[in-house]
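S.K.: Take this structure, written in structure tokens, and hold onto it; I'll ask about it next.
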4 protein chains.
Amino acid sequence: MLHETKPIRARLLISCHDRPGIVSSVSTFLHEHNANIVQSDQYSTDPSGGMFFMRVEFDLFENGLKFAQVKEAFAAVANTFEMEWQMELESRKKKMAIFVSKEDHCLLELLWKWRAGELIVDIPLVISNHADQREAVEAYGIPFIHIPVTKETKKEAEQKAIDLLHEYEVDFIVLARYMQILSPTFVAAFPKRIINIHHSFLPAFIGANPYAKAFERGVKLIGATAHYVTDDLDEGPIIEQDVLRVNHRYTAEQLRVAGRNVERIALARAVTWHSNDQIIVYGNKTVVF
Amino acid sequence: MLHETKPIRARLLISCHDRPGIVSSVSTFLHEHNANIVQSDQYSTDPSGGMFFMRVEFDLFENGLKFAQVKEAFAAVANTFEMEWQMELESRKKKMAIFVSKEDHCLLELLWKWRAGELIVDIPLVISNHADQREAVEAYGIPFIHIPVTKETKKEAEQKAIDLLHEYEVDFIVLARYMQILSPTFVAAFPKRIINIHHSFLPAFIGANPYAKAFERGVKLIGATAHYVTDDLDEGPIIEQDVLRVNHRYTAEQLRVAGRNVERIALARAVTWHSNDQIIVYGNKTVVF
Amino acid sequence: MLHETKPIRARLLISCHDRPGIVSSVSTFLHEHNANIVQSDQYSTDPSGGMFFMRVEFDLFENGLKFAQVKEAFAAVANTFEMEWQMELESRKKKMAIFVSKEDHCLLELLWKWRAGELIVDIPLVISNHADQREAVEAYGIPFIHIPVTKETKKEAEQKAIDLLHEYEVDFIVLARYMQILSPTFVAAFPKRIINIHHSFLPAFIGANPYAKAFERGVKLIGATAHYVTDDLDEGPIIEQDVLRVNHRYTAEQLRVAGRNVERIALARAVTWHSNDQIIVYGNKTVVF
Amino acid sequence: MLHETKPIRARLLISCHDRPGIVSSVSTFLHEHNANIVQSDQYSTDPSGGMFFMRVEFDLFENGLKFAQVKEAFAAVANTFEMEWQMELESRKKKMAIFVSKEDHCLLELLWKWRAGELIVDIPLVISNHADQREAVEAYGIPFIHIPVTKETKKEAEQKAIDLLHEYEVDFIVLARYMQILSPTFVAAFPKRIINIHHSFLPAFIGANPYAKAFERGVKLIGATAHYVTDDLDEGPIIEQDVLRVNHRYTAEQLRVAGRNVERIALARAVTWHSNDQIIVYGNKTVVF
């Protein structure tokens, strides 16, 4: 088969109740619309009456139908199976906002991976409740917005952030060690679209000062957990976790320093997967394809 | 959809040149034959002109077509795309022969996982060039065949083994620290069906005494590699590798002892994947779904 | 220096308040008693006013003083610094009792490592509240004692076990997936000498059914924790922890099966370290040298 | 014991032939010079006739002897045992030069850890055969020296670098993905003081393009190795190694991208250990305390 133009790649994510014929309908639809499946992953919680999840990468040739038309046409298939779904061009970069406080390790990891081409997103702005990271962020050519937060101004500050995020048409938010708890209003404005890094192996050491708690408990591994933010603190769907071996010689402070290396790795993986449409949230869990 | 009988599960493995429509054809075939896809994985080396690999698990209802008929009917699809393929019932346990010499750690790991139900195979026999493991094997109710090998009798001994393997209708062979090099004749009799565990992180330390070599080189991690056996020693397709952190305190002997733990883990994973039809060999590599 | 006899190796463990001169006093004592330090490790929680911990391996030549005399003489040094200490010959194998219920994976791991010479202990008996593992244990030539436990007979059963452990002069006890909670009376009889394996990454998922809880929470790593038993369930000093990567495809049952592999690895390491006098307990933590 | 001044911490590294009395002599010396041992590690390749290695951290009180006097006095002990040794103040930061080519991941990891206080060194200059990283380096306030290298100018370029390194009194050099092979003359000028990161799990994939070779071989783990540079390419004493799990989906380019994350972790650990005087080289191996 000869094509004069390079194909464009797109991704399809599907969640629905499992029943026979879904894969066949989806793949036949794609084939009939001149799309070549490049990769597909599928998972059912239970083939009889469970939930069905699927991720498909496909190549579309411009001398066939245009992407917008394919997407529109797919609605019919989706309706048949009552799917939740999304179809996106790979070339359509997500707009990612980063929230940061004073610590820079997670922020810099994301910025470095972004500049190195490992993390394919646009970063229209970084928001912080402190001014410390302004220079580092602006050195990457990214606007840095300082929105101080006090107990009294929190509501107002959040509204200002929400307005900015809407103005910049932000797709998702990464809390790169942002040390403020977001209100339910804020969370509700970006459902399943806020990724946080918690500095422990959840559900161990929920809440503040996990390294101090880990030190007290005398653990032999410390961890970090990247998860979507929900209204329940540190209880949202887990995306990724990783750990690091430590021993009795580590002080609480040394655990904190060592832990930074796990935090940035776990967060960077989670953000990469989200940006590549590799994650489906169901209930309080994630499917990572 | 109501079914009076429990479905039977089957697995389909496919390799062929990539071209549009394969997934659609396969999934539509299965749907039309009343089979429900439970899980599918797919990989292309290159969507334009590369190789296509697919693994599908599906449930078949006996009040629909019988498995044998489905399998026969699939040949038409397979021919269209010039597929190499296999379709097997999950309930059809593979017959696995184990070859062992004196060391028991890999042997016992496999036997334990088999009895614990982690490894779903039949083990019709264990063959050894030494008598040491007879008691351990027979305690599991498995026939133990002692076939001594000397330089003079090697050809004869191998023929005796091949005859036994054919007699017991063995599907695949695991060399669980079998310290004899198999002849090309033997290897040719079981292509892509002999799994070996090499006690190093290949391609480092090919050949004999890898732990002594690792000690000499002063490595900080030791490893093990499970691979399919080909005529080129330690050069066959790698299935799984794992490593273990060591330090300057380890003697060569302690590396050997510690390494046993990595060897049995890597081998057990590889054998499990093979027994579950999760591996496709292409060229000198493996796709592990 | 020439010696006609092979040296005998011994181990010294020390805990005391840190102050200047401890290492000097200990090493000079050993040198003056014709003992050659082979390995030494030392750790202070805080050089000013903290706790001091030390482990020394040394070789003693029989044509010098006898071990018993050296040990007796060391008491003077120990008194000066108000040390808690122990000095043991490496050749003096500890007597280890194993408690098990129905699951065999941790039991067999220990028995295999014992027979393979990786775990240097004597195993005078295995005690179980079920009869299932009798055959497996007796195949290793080890007495298997079945002590059923019901709510009504628990006190009596524990006393029977304690009597047996004393009769066999057991040094320490390993709970190799023993599914009974020991009473404070039992624990008090073997302080810092009962090792348990908990099937989660503590302090996550304390108590029963950790794999079911891990499944519900949607974790991406599962873990196991070997710890000394205290009166607070799953709260004793942690000796070792390890984790295994899992994903959304694992059912709760598959987490349980996969977890067995981490449990036996973590437990075997902890037992090995204890048997080699590598662990010092302080407060609710362990120093592992 | 009361001290009016805060103690100063120092480190002592020792290599010599093992024989009785070393630990005793060293610790007694320190005690007599009013130094408190904070941590000590010791290792013998063989207690009878092997090599002895020791690292001691100790606190010295200024109202006792001055550090320089202690160091001078220790020479007598060192002579007795024919030690190779070094004694340094912890506060005396080593001067580290970084060599880099075009890729920035290892460079930035070191610079970030340096600024974050994880890596305690001075960085008087960064040398590169390309100009690409000038801006990134100068943003950290560190001089960036561009020394182009061609086949013709290599000797001259190296001499220029050596002169600069001497001028800045550089203690050790880190090749943070510096894509030039150093001449024996250069290596001889900084023996055991040049650390390189090789982008494979040595001794696998020695030489150029290890990721392409790893892709060809179909490995399931990729690795990185930090080692001291010797005249034999990729054959110097290994300091640290680490690996990352990959699978059949990775292209050679994706292996390269993923591998960057292992490279920077392994290199940063090695550099930290070197800067903390935790490494002793013996023969072609390292002891890492």
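Glycine residues also receive a Cβ, built from the backbone N, Cα and C atoms like all the rest.
From a predicted model like this one, the values you see are computed outputs, not experimental measurements.
Copying in the features that TrEMBL gives for the protein in this structure:
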DOMAIN    D:11-92  domain 'ACT'
ACT_SITE  D:D234  active site
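Looking at the shown structure, what environment does each listed feature sit in?
M.R.: In the predicted model, the domain 'ACT' (D:11-92) has a mean pLDDT of 92.
Around the Cβ of D:D234 (active site), a 10 Å sphere holds 18 further Cβ atoms from the protein chains shown.
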S.K.: DSSP three-state call for D:D234 (active site): helix, strand or coil?
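M.R.: It is coil.
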S.K.: With DSSP as the yardstick, break the domain 'ACT' (D:11-92) down into helix, strand and coil residue counts.
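M.R.: For that range the per-state counts are 25 helix, 33 strand, 24 coil.
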